[in-house]
């Protein structure tokens, strides 16, 4: 005789920093895989249409030459990765790329620049880009590095919807990945963004040699923000020759999916986004990520300087899964 399963209601937002202590997040990671996915899917369905994903597109508007020494990044000037330093992309090229992304179904257009911190004249140019993309009817997001006083307010005035600034990893592992920017620097920029009234896009990277507890530490940091980020990109390390992390041990795909599930459980209202590293995932792995609560993907041919599944492949996958892109009337690629 089967006993009916009655789900336990999950709070919408953690009421305080004590809601998700590290030990509690670590316990989620230790759950049997199927139990974890079941719980994450329940939480997901309480707040979202489980068969809908948001499509976002990411354009590098200024590539290479970054003075930071992030061990994973091919755009760092510290490493010889074959990525040349370019100047800021002209406005008309940005608008052309945004139109193409929109034509392919993207709702959010993200613009990334390889800077430690934007200079005033750079910010003025980016503000113009934000206005032009907003005029197309798309959500806007930028990632420009650390912000100085007043810069977040300038971006808000330009109409910016989201600012991306990742924590990358847990505080305990952070020093093994970067030395030119402190963890507190990142938190300070996020606080400026929040105080300016801009939505926060903040996540991290897994597969950099961190432990499962480090992954729990990253999620705990994100979940205990007040409030937690509206958008949480989870990146799977893309190993680039010439960076210190080239040749690192590849993360077990189930560990990546676990990270997605724990992010969904601890941040039930956030958009949990599959970001870098999707091109190495099988369709089955991506489907499990959707089951675990991912509801946004970066969509298009290029994700900054690394590969990303092509548009048609993404459309076919969503169609095979019976899923649809947010804002579109049917499964992506269907008439």
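Glycine is no exception: its Cβ is also placed from the backbone N, Cα and C atoms.
Swiss-Prot names 110, 201, 273 as [2Fe-2S] cluster ligands; from the candidate set 141, 289, the record adds 141 to that same site.
Around the Cβ of residue 70 ([4Fe-4S] cluster binding site), 23 further Cβ atoms fall within 10 Å across all displayed protein chains. On the 0 to 100 pLDDT scale, the domain 'Radical SAM core' (51-278) averages 88 in the predicted structure. Counting Cβ atoms from all protein chains shown, residue 141 ([2Fe-2S] cluster binding site) has 25 others lying within 10 Å of its own Cβ. Annotation for residue 273 ([2Fe-2S] cluster binding site): same-chain Cβ neighbours under 8 Å, separated by at least 6 residues, are 54, 56, 203, 231, 232, 233, 234, 294, 295, 296, 297, 298.
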